[in-house]
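Record features, source TrEMBL:
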type	residues	note
COMPBIAS	B:530-543	compositional bias 'Polar residues'
DOMAIN	B:74-474	domain 'Major facilitator superfamily (MFS) profile'
REGION	B:507-543	region 'Disordered'
TRANSMEM	B:77-98	transmembrane segment
TRANSMEM	B:139-159	transmembrane segment
TRANSMEM	B:165-184	transmembrane segment
TRANSMEM	B:196-216	transmembrane segment
TRANSMEM	B:236-255	transmembrane segment
TRANSMEM	B:292-312	transmembrane segment
TRANSMEM	B:324-341	transmembrane segment
TRANSMEM	B:362-381	transmembrane segment
TRANSMEM	B:387-413	transmembrane segment
TRANSMEM	B:420-440	transmembrane segment
TRANSMEM	B:452-471	transmembrane segment
Amino acid sequence: MAIHKILFASLLICLLIQSSHAATKERLFSDLEKSALEVTATPSRVGEGVGVDKLSITWKVSSTATKEPEFKAIKVKLCYAPASQVDRPWRKTENELFKDKSCPHKISSWSYDPAMKAGQSFDYTLERDIPTGTYFVRAYAVDTKDHEVAFGQSTNEDKTTNLFSVQAISGRHKSLDIASVCFSVFSVVALLVFFVNEKRKAKIEQSE
Amino acid sequence: MAHRNEEEGSIGTSMHGVTAKEHVFSFSDQGEDAWSSHSVQSDDPTAMFAFPVDSEHKAKVFKPLSFAKPHMRAFHLGWISFFTCFISTFAAAPLVPIIRDNLDLTKTDIGNAGVASVSGAIFSRLAMGAVCDLLGARYGTAFLLMLSAPAVFSMSFVADAGGYLSVRFMIGFCLATFVSCSYWTSVMFTGKIIGLVNGCAGGWGDMGGGVTQLLMPMVFHIIKVAGATPFTAWRIAFFIPGFLQVIMGILVLTLGQDFPDGNLSTLQKKGDVSKDKLTKVFWYALRNYRTYVLFILYGFSMGIEMTINNVISEYFFDRFQLELHTAGMIAASFGMANFFARPIGGFASDVSARFFGMRGRLWTLWILQTSGGLFCVWLGRATSLPIAILAMMLFSFGVQAACGAIFGIVPFVSRRSLGIISGLTGAGGNFGSGLTQLPFFSSSRFHTADGLSLMGITAMIFTLLVAFIHFPQWGSMFLGPTSDNRTSKEEHYYVAEWTEEEKLQGLHEGSLKFAENSRSERGKKAAPDGTSTPLENENPANV
């Protein structure tokens, strides 16, 4: 009888794990409707500089989109091209949407209603914390539950066309450099002063 | 009322790092210009110190809450300097998620910089003992602090992976403060308590690796809030460890004192600071196979600890999608466990020695280090945050206590070359850190999680080397002491480090005394030996 109890308990546990697993709902990128949105992104010049240069972005709902009635909002994001993902596992593309790290930079989001089928076009000034790299733009359409249902991107499926590069700020400042040199010099000089002083005192005492 | 103490210190007083029960120097003048506020009863009636001292004026008690000159002050200046250097060396680690975007780093770049950050100290730790002999503990410490501060400040210039690696490499040299700190406490505290004192100094210094994981994200956040962009804010944040180093350097030079009786320059003119020959000391260290075993073992306790300091914050940030400061907090608790974990390890080693002698110490070390490795494997396997944190805490306790336990064994491996061996052991820690970071965390070959598990398995395998540490007089993990009447005496082991010529000059006296004291490592079987052997009957020769 004890064995039956253990088996039953383990079955219960397995079921619980199973159901909780399902509850996390692994929404996959491959399930999304492709090319439901047509997205274009045009840099104002080659080798965009952050904080200064703009991207002209347009998105509109494609005529082939089937899930259009579910759209509640459009989220536009800046995504890494494969070249910027090499040897950088923190930018990896994953099929499970919650794990995917290839589109971390939010550009903007728009509440969607059917009147907006013709889309939007706007300018986006690159944020100052965008790193150097090669990028494309992707727009996700989300439903009322904030789950992605469709997307469109400014490049092709293999992410080889229409990529643009961004040049980040270095973060360096002249004032910082000068301060750094000053404190370094102070540190070395202070040490030498102490050292020489003490040697001199010892010599004086010795000669007495 | 100057009382001249004519007793000459025994040769073989090379203080290259941790020393346990050596006689140091002979010092004459106590002098009226005594620097302590009030004198308490002490064994040496001519000394005017705040604590009871022995005949070398080393303190016989350890009061962590006191700042009295010169002993406790030296202790605090020493461990805080070491602590500050740990902060600087690992300051980049919690900020890597920002730095990697600013400098466009790859995983390989980050890993290589991590290896570089611990590699410099392999050499600086070896050289540090000699430097302290030459310049005294104060200048040894101050040189490290104030000459590596420019490296910390120069993070503001870094523009690419190469620059990042070079700067981290140069900052890493200052980890040699481990040696200068041990040197300083060894001249200030007597042999009976030096284990505890060094355990505390080592553990509290190591805490810096944990504190930095909290401090740097916090400073970064404050600077960002004050208006700087992220890519500038992290550079400014590095000024904080830089300032700390400069301030500590100045404090060490103004408040500290090389020896209980004064500073090196003042004392050098008074008495001869007799030293052993460096080549001989080195030779006996290299000849002893246990040196190499300890080198490797410390590489897989302290080495792993330093590797984790470099990778754990980024690991939690990426794997569990945490905020930068949350990841930092978790990473910090790894390093902060050092506060009690390392002293407890040393204490456990001492307690096991009371019952089982040296064999107890070896088993304690093996148990602690292996369980550390085991929990490291678990940490890599953990997929949920609470389990990962639990595994990490148990892992931290295991490896840090193992660090403390190793230095319960180091003082007994050699008496003549004690300083060099503890310097080499310390260097082994850095070597192990570089060795584990290179294959497991510097390429995209392994996920960081797998890297952690593999590192744990490697650690457990190498920890089996503890079984090979055998002392003829005390045994090893699986073998008892030899039955041979001659070689099973402690004296035989320690006096074997001196040539016949040197023995004739009586240079080995210190080793004899040490051998007698080390009989405690026999455990409960240690019979207080009242009869003196022929060797011990020799009068100290006047050299």
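Placed from the backbone N, Cα and C atoms, the Cβ positions cover glycine too.
A quick note: this is a predicted structure, and the numbers were derived from the prediction, not measured.
Simply put, out of B:165-184, B:196-216, B:236-255, B:292-312, B:452-471, B:236-255 has the most Cβ pairs sitting under 8 Å from the transmembrane segment (B:139-159). Looking only at the domain 'Major facilitator superfamily (MFS) profile' (B:74-474), the predicted model's pLDDT averages out at 90. A contact between the transmembrane segment (B:420-440) and the transmembrane segment (B:165-184) is present, since 3 or more of their C-beta pairs, 6 or more residues apart, lie under 8 Å.
At the 8 Å Cβ threshold, with sequence separation of at least 6, the transmembrane segment (B:292-312) lacks contact with the transmembrane segment (B:165-184), having fewer than 3 such pairs. Two recorded stretches are said to be in contact when at least 3 C-beta pairs lie under 8 angstroms, sequence spacing 6 or more; the transmembrane segment (B:387-413) and the transmembrane segment (B:324-341) meet this definition. Beyond the ends of the transmembrane segment (B:165-184), by six or more residues, the same chain brings 15-19, 74-75, 77-79, 81-82, 85-86, 88-89, 91-92, 109, 112-114, 116-121, 124-125, 127-129, 131-132, 137-138, 140-141, 144-145, 148, 151-152, 154-155, 158, 198, 201-202, 205, 245, 256, 258, 419, 422-423, 426, 430 to within a C-beta distance below 8 angstroms of the stretch. Residues 73, 77, 80-81, 84-85, 87-88, 91, 95, 138-139, 141-142, 145-146, 148-149, 152-153, 155-156, 174, 212, 215-216, 219-220, 223, 228 of the same chain, all 6+ positions outside the transmembrane segment (B:236-255), place their C-beta atoms under 8 angstroms from a C-beta of that stretch.
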